[in-house]
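Novice: This is the structure I have questions about; it appears just below.
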Amino acid sequence: MSPGNSSHALVFLLTGIPGMAHFHHWFFFLCCLMYLIAMLGNGTILFVVRANRRLHQPMYYFLSMLATTDLGLTLSTLPTVLQVFWFGTKEISFPVCLTQMFCIHAFSFMESSVLLAMAFDRYVAICCPLRYSSILTSARIAKIGLGMVCRSLTLLPLICLLTQLPFCRSHVLSHSYCLHQDMIRLACTDSTLNSLYGLTLVLFAILDSVLITLSYTMIIKAVVGITSREEQTKALNTCASHFCAVLIFYVPMVGLSIIHRYGKNAAPFSHALMANIYLFVPPVLNPIIYSMKNKPIRKGLLRLLGQRLSWPGHGQ
């Protein structure tokens, strides 16, 4: 596209899995399985928390926020993955690509914020148990949730900056969805401002991980001070699910950022693999981890299943 053309007429080409176009139908079935698990798992957690009044507590409100962001992240990639892997349609218009890019990065940003809020929740529960209910009130949790949404809106200037860039090089993207770092490399003018703004947002996510690490340092310090080994184990078990969620979110995110910035000579397949792990794995694994590790969630699910199974006989 020449600088004088309208960006709304621009069309990008999605790649899918580079060099493996003949396997795309098989990747589609694998993606469908992951989408199904992610939507069923996160939807079930939302339903269990909503239906069980015993779970109307700060920890489970934050878990519901995590499930919501995972659902949003899953649904953000679904349309183009279906389009590329099953129908073989690779074209995507510039406005649609921008919309998908915003949704993917906004929900990722929100997930980072939720994980930080959950770390704060665990810190207060273990280090200040007597003040837990007074610190994490329903009103304060609602404000935290609103703050997460407002924080994700800081991505809007990034969209505005992208609309000002001319794209006159190849329009082929590296994935089956639109990512910011993938789009700006196709610009045919200086995109330093876009890169710096994107880097600033990445630094916010890194700050979240630093604060989470700090909270766990203080949690471990508090747990070490507990004399009872049983109480130590109990306290650490309440953090196990969240700690796993942190690892499966931040490790692929850091890996994807490193590959995009420093892996120019890496195989295209490695870029696609890391991006797919980053976007698909957390929404799939988070509900599984919380269902296995969190006893109240597991009990709530079993109770609901028992009610459903006994319902036909109830009416007889």
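Quick reminder: no glycine exception, Cβ is built from N, Cα and C everywhere.
Remember, TrEMBL labels are computer predictions, not curated facts.
For reference, TrEMBL lists these features for the protein:
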TRANSMEM  26-49  transmembrane segment
DOMAIN    41-290  domain 'G-protein coupled receptors family 1 profile'
TRANSMEM  61-86  transmembrane segment
TRANSMEM  92-120  transmembrane segment
TRANSMEM  141-167  transmembrane segment
TRANSMEM  196-219  transmembrane segment
TRANSMEM  240-259  transmembrane segment
TRANSMEM  271-290  transmembrane segment
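Describe the structural surroundings of these features, if you would.
Specialist: Away from its own ends, the transmembrane segment (26-49) comes close to residues 16-17, 20, 55-56, 60-61, 63-64, 67-68, 70-71, 74-75, 78, 81-82, 85-86, 280, 283-284, 286-288, 290-291, 297, 300-301, 304 of its chain (Cβ-Cβ under 8 Å, at least six residues beyond either end).
Restricting the average to the domain 'G-protein coupled receptors family 1 profile' (41-290) gives a pLDDT of 87.
Note on the transmembrane segment (92-120): residues 7-14, 59, 62-63, 65-66, 69-70, 72-73, 76-77, 79-80, 83, 144, 147-149, 151-156, 158-159, 162-163, 173, 177-180, 183, 201, 204-205, 208-209, 211-212, 215-216, 242, 245-246, 249-250, 253, 279, 282 of its chain, located 6 or more positions outside it, place their CB under 8 angstroms from a CB of the stretch.
Away from its own ends, the transmembrane segment (196-219) comes close to residues 105, 108-109, 112-113, 115-116, 119-120, 122-123, 126-127, 151, 154-155, 157-158, 161, 180-181, 184, 235, 239, 243, 246, 250, 253, 257 of its chain (Cβ-Cβ under 8 Å, at least six residues beyond either end).
Listed by sequence, the residues of this chain that lie at least six past the ends of the transmembrane segment (240-259) yet keep a Cβ under 8 A from its Cβ atoms are 66, 108, 111-112, 115, 118-119, 122, 181, 202, 205, 209, 212, 216, 266, 270-271, 274-275, 277-278, 281-282, 285-286, 289-290, 293-294.
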Novice: Six or more residues out from either end of the transmembrane segment (61-86), which same-chain residues have a Cβ under 8 Å from its Cβ atoms?
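Specialist: Same-chain contacts beyond the ends: 14-16, 24-25, 27-28, 31, 35, 38-39, 42-43, 45-46, 49-50, 92, 100, 103-104, 106-108, 110-111, 114-115, 117-118, 121, 138, 141, 145, 148, 176-178, 245, 279-280, 282-283, 286-287, 290, 294, 297.
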